[in-house]
Protein chains: 4
Amino acid sequence: MYPKEECGVFAIYGHVNSAELTYYGLYALQHRGQESAGIASFDPCQNHFQVCRGMGLVSQVFDSRSLASLQGTMAIGHVRYSTTGSSTLLNAQPIVVSCSKGELALAHNGNIVNAVSIRRELENKGSIFQTTSDSEVILHLMAQPAQEDIVGSFLNALQRVKGAFSCVLMTTKGIFAARDPLGFRPLCLGKIENSYVVSSETCAFDLIHAEYIRDIEPGEVLFIGEDGLKSYFINGQTTKKAFCIFEYVYFARPDSNIAGLNVSKARIQMGKELAKLYPVDADIVVPVPDSGNYAALGYAEQSGIPYYPAFVRNHYIGRTFIQPTQLIRDFSVRIKLNLIQEAIKGKRVIVVDDSIVRGTTARARVVNLREAGAKEVHIRVSCPPHRYPCHYGIDFPNPKSLLANQLAIEDICKYLGADSLGYLSHEALIKACLEANTEFCTACFTGKYPVDFDPDFDKMILERRSFFENVTK
Amino acid sequence: MYPKEECGVFAIYGHVNSAELTYYGLYALQHRGQESAGIASFDPCQNHFQVCRGMGLVSQVFDSRSLASLQGTMAIGHVRYSTTGSSTLLNAQPIVVSCSKGELALAHNGNIVNAVSIRRELENKGSIFQTTSDSEVILHLMAQPAQEDIVGSFLNALQRVKGAFSCVLMTTKGIFAARDPLGFRPLCLGKIENSYVVSSETCAFDLIHAEYIRDIEPGEVLFIGEDGLKSYFINGQTTKKAFCIFEYVYFARPDSNIAGLNVSKARIQMGKELAKLYPVDADIVVPVPDSGNYAALGYAEQSGIPYYPAFVRNHYIGRTFIQPTQLIRDFSVRIKLNLIQEAIKGKRVIVVDDSIVRGTTARARVVNLREAGAKEVHIRVSCPPHRYPCHYGIDFPNPKSLLANQLAIEDICKYLGADSLGYLSHEALIKACLEANTEFCTACFTGKYPVDFDPDFDKMILERRSFFENVTK
Amino acid sequence: MYPKEECGVFAIYGHVNSAELTYYGLYALQHRGQESAGIASFDPCQNHFQVCRGMGLVSQVFDSRSLASLQGTMAIGHVRYSTTGSSTLLNAQPIVVSCSKGELALAHNGNIVNAVSIRRELENKGSIFQTTSDSEVILHLMAQPAQEDIVGSFLNALQRVKGAFSCVLMTTKGIFAARDPLGFRPLCLGKIENSYVVSSETCAFDLIHAEYIRDIEPGEVLFIGEDGLKSYFINGQTTKKAFCIFEYVYFARPDSNIAGLNVSKARIQMGKELAKLYPVDADIVVPVPDSGNYAALGYAEQSGIPYYPAFVRNHYIGRTFIQPTQLIRDFSVRIKLNLIQEAIKGKRVIVVDDSIVRGTTARARVVNLREAGAKEVHIRVSCPPHRYPCHYGIDFPNPKSLLANQLAIEDICKYLGADSLGYLSHEALIKACLEANTEFCTACFTGKYPVDFDPDFDKMILERRSFFENVTK
Amino acid sequence: MYPKEECGVFAIYGHVNSAELTYYGLYALQHRGQESAGIASFDPCQNHFQVCRGMGLVSQVFDSRSLASLQGTMAIGHVRYSTTGSSTLLNAQPIVVSCSKGELALAHNGNIVNAVSIRRELENKGSIFQTTSDSEVILHLMAQPAQEDIVGSFLNALQRVKGAFSCVLMTTKGIFAARDPLGFRPLCLGKIENSYVVSSETCAFDLIHAEYIRDIEPGEVLFIGEDGLKSYFINGQTTKKAFCIFEYVYFARPDSNIAGLNVSKARIQMGKELAKLYPVDADIVVPVPDSGNYAALGYAEQSGIPYYPAFVRNHYIGRTFIQPTQLIRDFSVRIKLNLIQEAIKGKRVIVVDDSIVRGTTARARVVNLREAGAKEVHIRVSCPPHRYPCHYGIDFPNPKSLLANQLAIEDICKYLGADSLGYLSHEALIKACLEANTEFCTACFTGKYPVDFDPDFDKMILERRSFFENVTK
């Protein structure tokens, strides 16, 4: 079964420092995936693909020496977070292959919902699969002999796959940037000096001082080559769109702009809508950092109740942190965020968070607030209750672990131990994002999936249990 | 010459998990020193000191195995940042020695201003020095044969040294926690279950769920042993105090309480005072994260101008980040903090920071704001101009590099490219910290040093140029 | 172009400690490849392939944790040395894939001489290649839909590939051990408790206390499964054999037995033949350690001249050894082997080595001997002059770098600065290996290649220059 | 209690590449200590000591960057192996201190038998000890105010300490090389270009192409400075000598010359004497590699029985080797040395080793030989039975673990399972080393200790049990 993945992609064409700029681009996209990182570059003079991939943060995977080896005037990069138990180098991207279409390198963000059935079909035709990433099917489809040229084979492959994908493909002639017809995941085009750059988010352009040009359109396959830009569309230009609204709520960086709307601004507006829907008489508005910061600010502004960042974040939590042996209660919550008790004592507190998924952390936080002397605790959430899984690239837990899938709102409030609980309504969320020039996928709140997925998905998963796994050291 | 050091200390007596709790305590104190960390423990049953020290963050220095080896029912810990060019394991603390007073382990925060002359005197008597840390002189003084018992020798040693010190000393009988007579650096006492804990700041108590008891008093030498607590005073109890006000301004964590005043609260009050002193007609108040967050909030609250966290912090900057080869302008500023351009465009912006030292970063930040479209940029600083070096444990650069030591305020404003510039006044800073039950050292603003230091300091430094250095791998 | 590789393989079926035993097996085969190592295991209960691969020695790639994760009752392992400039994790084996025949894992030793043309054919059919290892073609051939079952598809694949291969293939049903029809590389079968083991050399059996059963026959494809052993033959049973005689001369470990002949014994006999062919009046016989040890012993025994190991090997040369900055002459020779000058001074010395390839080291060694006071230096080589490249898995340098390809014997002697030089003759070498129950490939001496390779090999190499490369950190 | 240590030292004065040459020197001395390594250098122009120390092999501790940082025209280096359970960076040398005599760096090989009592005396005077190495007392003694100049204070210190020491001391003026009055450990002087070098063994000179000048004499304190060499003697020149004969038997490298006798030659002579004393009718003489190689050769030569290196050494055993879980019998013996079974089968075998200490390994080896089919196994040992501990720097186990301390020779033979057993006699050993221009310490065979050690040693050890320990990560 294919793991669910969250990812970021970056690409640059026609720059002598292509690998170095890709490195900085990935750095700015690190929030989209912290498990593995990779860069592939190509030097037309040497006619040579090079790739460096590794487990860990961008700053851990690359060093001066590996960056220097990634020569060439074009490059693509990838950061990835996988939700399967075993994190593995095997699936680190870009995937680089040699096939009938020459050498190809692919970096992909999203989930292909019909990957398992395509894979079965391709295996029956003689293909062998070496990763457990759904992205691999795109390359196999391209490699099939039917299609003559690369453009045709890429368009054909993308017509076969269903689901969410924002991806960049490097060939020896140039770079493709493609987005699925509904535009689930972000992808945008920029320019630095005379070179085009592609990134999952605009924050990467800011870092390298590139100029934002435009978003890649849903269904667009943009080729960047010697002759500049050339646009293709997967199934002709479509009008229906389904951009993942959770990118605004949580996933994207606040300094990124998507579909013309700045993410931090959207979040402030969500907070304001929330204050209108669920006002309460209280003393302070406390954000859950960092995801709740802007919504809390919006709530405070709208309500006139003072904003107080009473949770202090520990910036030094590393991967290797040692869990205490049942020594300290609620440790895992406090280790990341410590309360300023002085600010809470005797106060009626509104806590604003971006979402509640399992509820475990939110519940422990209420205990913390009570211990610190909060008189009342009111929880406000800047999106509707999560009731359904995402099939398009955001990793929510199993529906049975989704609190709102199991309990009614008032029971959730009791479970969390809060005095009141308010979720942003679907309408208000859409309203908060009104300035975005797109329509939205809100399947995780509504269960209405814009793209069908195989109903036998679960059955196939069981059948495929044997799929090989890499043991990490 | 002795390096200037910033440090945090922690101690615990009488707990079976002493090393583990010290580990978490140091974790909460990590902001006080990120260069090296160490823990020494003692097991009365085994009569054995154990120590583990290393370069790096607490999470890097210790692992499950090393923590498990640090057995015993008492432990002390240390985190350290040194300002000398070569960071070296040699000076990582706790220092553990064997001498006429038995085995001793010391962890020390502060700067001893007469360390060089004491050292010279001790060398002439036959002592050999193996570190370049000023803390080592305390142990040498204790080791001198004149004094009979440990308490007497420790008190005697602390009467000889001048300057700032908050330190913990572990012997085979118990733990001492001592603070210099003026109380420059913080040090407080807490309790977890039936065990006493000592920490530089209260935030460490919060993490391990210990209860805060009281601050160690200036001049106090507290012994924690089999019979509970016993207090001594270095030169009898004194009345004059000189707590480093910069701990409130910048150094301490916002969730810590010192001398009865919460740090985040003090900072909000600084922001309010600043708004009273230097009001300006503007559209948004933008903090420089994270140090300017609370002061900006205070400024916004007092002025009624909206607060907007328009700088977005990159949480993934590692030590190994590769500097670009002159590729990208103002890169080092943007890599840490990226601006939300949408929030700035066309706005009159008030930027609030805790301090301006060299001015290089502040200047680059103004350039960023202008590029993002800010109409006006007004800088507000939540403390007076830094004009003098600190001799008591805060690492400011050479006075010649202190912007306010070289230029008049209006020239600083020009240099920074700002439309206006306002520093908090000395009086207003004191007023903002009025609730603190202490007097203050403000030498870095005023040049009035509460404890004399050797006027020939610089001469000695040159003379001692040869002092050995560890080469780090 | 495919890199030339030297490798060792190991496999075990039906043992609860299969991964652990494979680890020790690879340990004993480490001399066959020190660049990368890998183990794949399969647990029928869990229906799950697992694989751990890494760059470095067996002892570096695996730790207790990764070994513990490699659960299952069958496993295969691989050690590898590649001769291409960039050593890369990409090509570390076992290769694990999913295809129409289910999950497969392959570990391969040898060189497939028609890999490039098969690959081109497969790419044209739609296959994509993800490594630069020639072994990958075997799996692609198996994946092709024509064949019904695994046995048939494996036999079919092996009929298509030409060249040298000794390989083990793990399926969910059992393990195949296969050897090419001429039997270039060794492969043998053993038994530990009730489990069958397969190894490149018998020395791995000794380490794990397994009992040697027999060599896998040239052309044999042995399946080890639930029902014990079952033998197939690639093209029916053949009579012609071409075992690489250089395994006896240099590559195999002296404690291994191949085709019924112990390797150390073969080397002693080579030394004796050499003494018969090129006797000389001298004082001591000095081996070049460790490759020349046994031949020198044979020479000494035959000639009656005393054996003296006058070169002392430094056992602590690590990978990270820092080359001196032109400081010390002939350093790279002396750092590995230092002469006992006392033993050499005033003596007529016979130096016995297993082979001379480029001659650089041999020449520097003569200088060392002269400086140590040797009166005469006579070089004896225990195989014929290397004049031709190997296409079947031994990495000799480019023919232009082969000393014997460029110079006549007497000119080589002059070049080396020796007083005399004698190479073992082809006939004498064969005679020394007479007890081996096989025929030999001696192409590197004679240029008579038992299996054709594509004459356009070089052309293809140039054409394929672009083949992608992994950048190692 | 002080750990027993085995060490190697190196020094160079007056060379621009002093640290680099020290690095190579230590490389050649690596066999004398593999636990930690360190180099201290001094640059008169910069008046600055620098030191780099670390756990591990020379090739692991240093890299290009750390070597480049060790600037200066003089340097000393040290490799160390300690026998205490916890190996610790704390005790890595050179020790560098600052004291009344200025900066000093010391590297020391040997054991000071009165270190504990001197240390107690110094602690009572006010000294503090920061390592658990006996070498530290030398520096403390030098630091005492009584002596005026460095030469005097060093001579005085060396007159106080008793036992074995070969050490190098770096001051800002030059380098001292000193050897205890009985000359237990080797130390020699060489020259490279115009610079003097000092090394524990001559093999280091060979590597860096330095010329051997002479041994440092027992009791000599040689100063190398601006004016060349100047000799002092610790207690006037003495005549009695006590060079550790076990350096010839086992510890020193075979290519080193000590006191005019080459080590490999001494070992061959031991083998010949052994053959005269304990002849036996047999088929082959098999050395235990590498320590028994030369003695076995001598035995073979004297007896006329063929020499056969039937044990094959695995060169790839790293530190991280994973012990099998009771899976394989006698594993720890076979993993290092595998038998060539073909060479042993049906043979009467003479096994020659340099020494038998605990007997565990020797016993397992006999089992191996029997399993391989040896008809008879005769053990010959090239030194007398070890019955007493060494107090002067060789690490033998506790006397109770010494086989010969517990059993009579014939019982040892039974225990080992051998057909016969012969140890070289004391007289024959002395005879084999007759060419050495020295007298010998043979205390480990005879119990006659040339230098008294404190009879209360054990008592003190218990008392000092608490001495602190470093926890290694």
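Here the Cβ of each residue, glycine as well, is placed from N, Cα and C on the backbone.
No curator has checked TrEMBL annotations; they are predicted automatically.
Marked as active site, nucleophile by TrEMBL: A:CYS7. The number of other Cβ atoms within 10 Å of the Cβ belonging to A:CYS7 (active site, nucleophile), over all protein chains shown, comes to 27.
Annotation comment: TrEMBL describes A:7-227 as domain 'Glutamine amidotransferase type-2'.
Taken residue by residue with DSSP, A:CYS244 ([4Fe-4S] cluster binding site) is part of a strand. Marked as [4Fe-4S] cluster binding site by TrEMBL: A:CYS244, A:CYS390, A:CYS441, A:CYS444.
Positions annotated as Mg(2+) binding site by TrEMBL: A:SER291, A:ASP353, A:ASP354. Secondary structure at A:ASP354 (Mg(2+) binding site), taken from DSSP and collapsed to helix, strand or coil, is coil.
The Cβ of A:CYS244 ([4Fe-4S] cluster binding site) has 27 other Cβ atoms within 10 Å, all protein chains considered. In this structure the alpha carbons, written CA, of A:CYS7 (active site, nucleophile) and A:ASP354 (Mg(2+) binding site) are 20 Å apart.
Between the CA atoms of A:ASP353 (Mg(2+) binding site) and A:CYS441 ([4Fe-4S] cluster binding site) there is a gap of 21 Å, rounded to the nearest whole number. According to DSSP, A:CYS7 (active site, nucleophile) sits within a strand segment. Each residue in A:PHE184, A:ILE245, A:PHE246, A:TYR392, A:GLY393, A:ILE394, A:THR442, A:ALA443 lies on the same chain as A:CYS244, A:CYS390, A:CYS441, A:CYS444 and has a C-beta within 8 Å of the C-beta centroid of that [4Fe-4S] cluster site, without being one of the site residues. Residues A:VAL249, A:TYR250, A:PRO287, A:VAL288, A:GLY292, A:ALA295, A:VAL352, A:SER355, A:VAL381, A:SER382 surround the recorded Mg(2+) site, their Cβ atoms falling within 8 Å of the Cβ centroid of A:SER291, A:ASP353, A:ASP354, which are themselves excluded. Here the C-alpha separation of A:CYS390 ([4Fe-4S] cluster binding site) and A:ASP354 (Mg(2+) binding site) works out to 17 Å. According to DSSP, A:CYS444 ([4Fe-4S] cluster binding site) sits within a helical segment. Across the structure, A:ASP354 (Mg(2+) binding site) and A:CYS444 ([4Fe-4S] cluster binding site) are spaced 14 Å apart at their Cα atoms. Around A:SER291 (Mg(2+) binding site), the same-chain residues six or more apart in sequence whose CB sits under 8 Å from its CB are A:TYR250, A:ASP353, A:ASP354, A:SER355, listed in sequence order.
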